[in-house]
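Database features (TrEMBL):
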{"type": "BINDING", "residues": "202, 234, 353, 357", "note": "Na(+) binding site"}
């Protein structure tokens with residue numbers, strides 16, 4: 001996906017922004033007036049992303065503030081109101097999950113039970129937007145200096161985590177799991193969709209932010225070299241971060257596996273009054289068989305309490321998104337030496353990454369607005385930036401409600417993926433077949449002093465569009481075959497996630513999210529056509 005989609009499309013977007021000297025709306029308007037909807041669609045997707053993405057920064061602030069406590073608040077379950085035992089919900093799950101679902105989100109049992117705004121999360125969200133506003137105060141051109149910090153610091157933290165992660169007990173198990181290929185997954189269309197989504201989001205393709213930033217480049221800037229370097233650094237960083245993650249994931253899985261083994265050993269020692277040291281992890285299975293044969297009735301009564309401990313099962317418990325960032329990592333951190341230090345480092349890194357992403361998202365929104373003579377002539381950049389941040393912050397309060405995490409998942413799953421595929425498809429077709437690949441070649445020759453080679457032209461003209469169309473079909477087919485869309489809701493009585501169907505109004509919102517951005521492209525073309533038609537009629541009437 002990096003070779004067939006990421007690198008060619010990154011080069012294309014950088015070149016378009018640098019050549020046209022406009023944000024996403026203006027750039028595609030220059031290529032063809034009928035393509036104004038492509039830029040609008042990018043802005044709409046970036047707006048949707050900004051609405052919910054900064055909530056992650058709010059959560060990062062929340063965890064960062066709590067990282068200075070000793071012990072960490074997610075290290076153990078809190079006592080109940082009578083102070084006679086632990087909270088019932090926490091005992092049924094884990095202390096990290098309880099802290100996330102109950103103390104951070106205070107999550108409701110379903111999407112229908114919306115609940116009220118959580119003021120602590122609302123304050124953290126306000127702080128997150130204030131930080132973003134201060135970073136973009138002077139407009140898009142000034143954010144480059146901030147990005148030096150937000151892009152560099154995470155590497156320092158990752159290196160520290162890599163050294164610590166590789167020295168953790170069980171890290172090797174995680175790395176073996178990571179580097180053991182599952183070739184059968186290549187036949188699964190979802191694997192390719194996930195790979196495309198990863199490349200699109202990590203490189204920022206289709207959001208308009210690349211075009212916005214590239215429009216500030218020098219006209220002679222070598223955007224081809226930058227596209228190659230950035231693509232390779234991006235994917236290398238992904239693998240590097242994965243090594244760090246899987247070493248910690250291996251530690252967490254090994255810790256849980258060994259804890260499970262120790263609990264079973266203790267249970268059997270007490271139940272059958274065995275000698276201390278007679279049961280070990282190595283002879284556990286043989287001893288279980290022996291006890292089952294020697295004491296069948298007693299063992300049968302005890303069987304429901306004996307867990308089947310498996311390292312493979314622990315490693316196969318795949319977690320992604322917010323679950324990985326806020327549950328798995330915090331669970332691993334609490335078992336490290338000096339957990340407060342590693343917690344502060346991790347959530348500070350998460351905050352830097354989140355703010356860096358938000359700068360790109362807001363740039364994609366602000367650049368077309370500041371490019372507009374009507375808006376820019378009436379309002380200074382500080383006011384435009386402030387209004388955009390304020391509107392996003394107010395709408396973002398939805399995600400701080402008790403059902404806010406369910407709405408977050410809706411936006412995260414449906415606001416961008418399908419829209420980005422369509423936007424990038426139209427972009428490649430527009431450059432190759434409307435603007436003309438020969439004309440684009442000449443533009444590149446003017447800018448960087450040489451024409452693109454056969455690789456770029458084949459990818460732009462044939463491979464990338466065909467691959468995107470295939471992914472588009474796979475994506476739609478998958479949703480049709482899935483049937484009723486479902487979500488994961490937190491059941492406090494069981495202490496686990498349960499699957500529920502989305503209510504009708506949630507399905508309507510999902511439809512609107514997808515339509516709001518994708519329909520901009522045909523509507524933009526239709527409005528331009530009607531305007532030109534009316535203009536012709538006026539001219540003919542006057543004549």
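Just so it is clear, glycine is given a Cβ too, placed from its N, Cα and C backbone atoms.
Heads up, TrEMBL stuff is auto-annotated, nobody curated it.
Each residue in 201, 204, 237, 356 lies on the same chain as 202, 234, 353, 357 and has a C-beta within 8 Å of the C-beta centroid of that Na(+) site, without being one of the site residues.
When other Cβ atoms within 10 Å of the Cβ of residue 202 (Na(+) binding site) are tallied across all protein chains shown, the result is 16.
If you count neighbouring Cβ atoms within 10 Å for each of the binding-site residues 234, 357, the highest count belongs to 357.
Taking Cβ-Cβ distances under 8 Å and a sequence gap of 6 or more within the same chain, the neighbours of residue 353 (Na(+) binding site) are 150, 154.
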